[in-house]
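K.L.:
Following this message is one structure expressed as structure tokens.
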Amino acid sequence: MSSSKSIDLKSKFLKVYDTLKSDLINDPAFEFDDDSRQWIQKMLDYNVPGGKLNRGLSVVDSYQLLKGGELSDDEIFLSSALGWCIEWLQAYFLVLDDIMDESHTRRGQPCWFRLPKVGMIAANDGILLRNHVPRILKKHFRGKPYYVDLVDLFNEVEFQTASGQMIDLITTLVGEKDLSKYSLSIHRRIVQYKTAYYSFYLPVACALLMFGEDLDKHVEVKNVLVEMGTYFQVQDDYLDCFGAPEVIGKIGTDIEDFKCSWLVVKALELANEEQKKTLHENYGKKDPASVAKVKEVYHTLNLQAVFEDYEATSYKKLITSIENHPSKAVQAVLKSFLGKIYKRQK
């Protein structure tokens, strides 16, 4: 897609956000007053449109590649609305995630719950964000033949994501800091459920449903996208430690938070006894000296090179899987996704 076309689609996409926001603050199911309307407006503007919007825009891109031609205004609106549903879902997860992780910044600004007038009201805001998704689906898709499948899809992916978050939280239980619990297979399970389904499978599944496809016939597409999601999360883990905070928009805290990160799992695999001891003694501690010791082990083990090797291998494997797919349109969708994340810096 030419860059001017994608800029045009992005501006249309952003306009749809305003329409959906207006629908929600005028929802007939609730009697809004000025205060509640202003709160919702501020909360939405702060949390929903601030990211890269990759997930949301991917629905529009994917639908366009499946259709193979220009989209009507109605198709642009509907695919954008589905894209925004994913961005809403993402906002709901992040608002609550930041509270659970006691994070400080998100997308280059303070986390929503860190704002003086917000605090724990953010927990209810997260619930509201989650409840906005079915409101949007009902208003704009209720008459569509794929409506029930859409509702099912969002419910299932939300369940998978929340369950992935649970494995992440109980594996990283503070007070039970036991690095020996961490392995590549646990890392993979967390990633698959917590990130891959909603970030990678969901946008393409939305486009496929809108295009009239049966998701049961696209299991292979799901598998490739889950693999892509795993690769994406490994990049994220890498950038948390090695990325520049001003570029990635947040200060990485995976080491302090005792996260089951790809880096620590790889380090444990490659480390000698002394390095393992250093990791066991310092991983998950908040003080800068401990964090520095963990990073020193990462540098000594040359995890940057190990990651680059992983990135190259993953890319090759993904391209091979994609090119095995019988449909050129589906191949284009998957390649477009991979192109967006390969060698990303943020």
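Backbone N, Cα and C define each Cβ position, glycine as well.
Pulled these from Swiss-Prot:
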type	residues	note
BINDING	Lys52, Arg55, Gln90, Arg107	isopentenyl diphosphate binding site
BINDING	Asp97, Asp101	Mg(2+) 2 binding site
BINDING	Asp97, Asp101	Mg(2+) 1 binding site
BINDING	Arg106, Lys194, Thr195, Gln233, Lys250, Lys259	dimethylallyl diphosphate binding site
MOTIF	97-101	motif 'DDXXD motif'
MOTIF	236-240	motif 'DDXXD motif'
K.L.:
Going by C-alpha positions, which of the binding-site residues (Asp101, Arg106, Lys194, Lys259) is nearest Arg55 (isopentenyl diphosphate binding site)?
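P.N.:
Looking at Cα distances from Arg55 (isopentenyl diphosphate binding site), the smallest one goes to Lys194.
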K.L.:
Suppose you look only at the motif 'DDXXD motif' (97-101); what would the mean pLDDT be?
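P.N.:
Mean pLDDT, the motif 'DDXXD motif' (97-101): 91.
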K.L.:
Pairwise over Lys52, Arg55, Gln90, Arg107, annotated as binding isopentenyl diphosphate, what's the top Cα to Cα distance to the nearest Å?
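P.N.:
The isopentenyl diphosphate-binding residues span at most 15 Å between Cα atoms.
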K.L.:
Work out how many Å separate Asp97 (Mg(2+) 2 binding site) and Gln90 (isopentenyl diphosphate binding site) at their Cα atoms, rounded off.
P.N.:
10
K.L.:
Tell me the Cβ contacts of Lys194 (dimethylallyl diphosphate binding site) under 8 Å, same chain only and six or more apart in sequence, or just say none.
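P.N.:
Same-chain residues close to Lys194 (dimethylallyl diphosphate binding site) (Cβ under 8 Å, separated by 6 or more) are Thr161, Gly164, Gln165, Ile167, Asp168.
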K.L.:
Consider the binding-site residues Asp101, Thr195, Lys250, Lys259 and say which one has the Cα lying nearest the Cα of Gln90 (isopentenyl diphosphate binding site).
P.N.:
Thr195
K.L.:
Indicate whether Lys250 (dimethylallyl diphosphate binding site) is helix, strand or coil by DSSP.
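P.N.:
Looking at the DSSP assignment, Lys250 (dimethylallyl diphosphate binding site) belongs to neither helix nor strand, so coil.
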K.L.:
Taking the centroid of the Cβ atoms of Lys52, Arg55, Gln90, Arg107 (isopentenyl diphosphate site), which other same-chain residues have Cβ within 8 Å of it?
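P.N.:
Neighbours within 8 Å of the Cβ centroid, excluding Lys52, Arg55, Gln90, Arg107: Gly50, Gly51, Leu53, Asn54, Gly56, Glu87.
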